[in-house]
């Protein structure tokens with residue numbers, strides 16, 4: 001064993017990277033990698049860093065990742081799912097101490113644990129070029145949370161960090177929130193798929209009340225409910241920076257709905273709020289309505305997969321129609337079956353708020369009487385073409401420049417609206433949903449004829 005290998009654990013990453021530079025270049029036959037060493041040497045740029053990585057792999061006893069060698073000069077370095085482990089992360093960290101090219105580093109699902117996190121954190125003490133870090137699904141646990149909190153305290157270049165799925169619990173929330181409370185540099189954070197509960201919600205709420213930097217926060221798939229949900233909303237009420245908040249798949253229920261309604265009355269910066277799958281029923285929707293009526297910033301509200309019925313949907317839409325302050329552009333109640341009264345209210349709402357999009361599950365809610373049949377928009381177009389003896393391509397050829405019979409959704413909608421085809425906005429939207437089921441943004445208008453066969 002060489003002197004370098006003996007002193008490996010006692011050296012800092014910066015010292016070790018210097019040590020690696022002084023080592024003899026490894027023989028290309030020593031590595032089980034699909035990237036030949038001579039090919040690496042032929043490339044210019046960060047040659048020393050690549051050789052340093054190969055030497056670091058030798059020192060820590062791991063097989064080099066050829067993808068890393070090939071993409072070390074790219075601003076976006078994606079090392080997700082490479083099975084690095086703690087020692088593999090150490091080799092990566094050694095090589096990147098002095099790297100100035102990578103600004104977005106992804107290390108998702110590499111089982112680096114708290115040990116591997118310590119090497120990444122030490123590397124980021126020296127490297128001030130990385131602005132985005134994805135370290136999700138790596139079994140960091142509490143030790144990793146402690147190390148990340150140290151990183152957030154000392155690093156001023158990171159703007160976005162993904163910590164999803166790392167087994168964080170209440171104690172992890174505490175150490176992270178303590179440093180985030182006064183961190184003004186971090187703009188985006190993903191803490192989804194962890195285990196924050198009532199106490200975790202309290203820590204997060206206290207952080208939001210004082211944080212003046214965070215703009216995007218993902219807390220979906222946790223266990224934020226009751227006192228935790230109420231505390232979180234209290235922090236949101238005082239927050240002046242957050243724009244995007246994902247709280248889907250928690251357990252807000254009635255208490256959380258009341259607290260969120262109060263928060264929305266005072267919060268003036270949030271534009272996107274996802275409360276999908278949060279046990280919010282019709283009564284909870286009423287509580288949210290109080291906040292929606294007064295809120296002047298929120299543009300997207302997602303309430304899909306909650307136990308709402310058409311009654312709750314009508315309450316929400318009534319408030320939006322009558323509100324003088326609301327600027328909401330999208331309301332998603334995707335699992336709710338509505339009735340004819342709701343459709344009529346939606347049409348009336350669009351007269352005063354033409355920019356509002358309402359996403360619902362379909363027509364089938366409780367109704368007093370059978371509604372008049374709504375004409376199939378595909379049949380309306382087909383009848384229009386038959387009466388004028390036109391082919392589909394004849395109608396759309398001005399926007400279908402390449403003759404592929406596929407056009408952008410926006411161009412398709414505009415062409416229909418500017419024609420004298422008797423379809424209203426709602427029918428056009430229904431038609432687009434059928435012709436673009438995969439939401440690709442392109443309409444294959446050949447399907448109009450196919451559906452009518």
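Using N, Cα and C of the backbone, Cβ positions are placed for all residues, glycine too.
Those TrEMBL annotations? Automatic predictions, nothing curated.
Residues 380-381, 428, 431-432, 435-436, 441-446, 448-449 of the same chain lie 6+ residues outside the domain 'EF-hand' (387-422) yet bring a C-beta within less than 8 angstroms of a C-beta in it. TrEMBL lists 387-422 with the feature domain 'EF-hand'.
If you take every residue in the domain 'EF-hand' (387-422) and average the pLDDT, you get 77.
Counted with DSSP, the domain 'EF-hand' (387-422) comes out as 17 helix, 3 strand, 16 coil.
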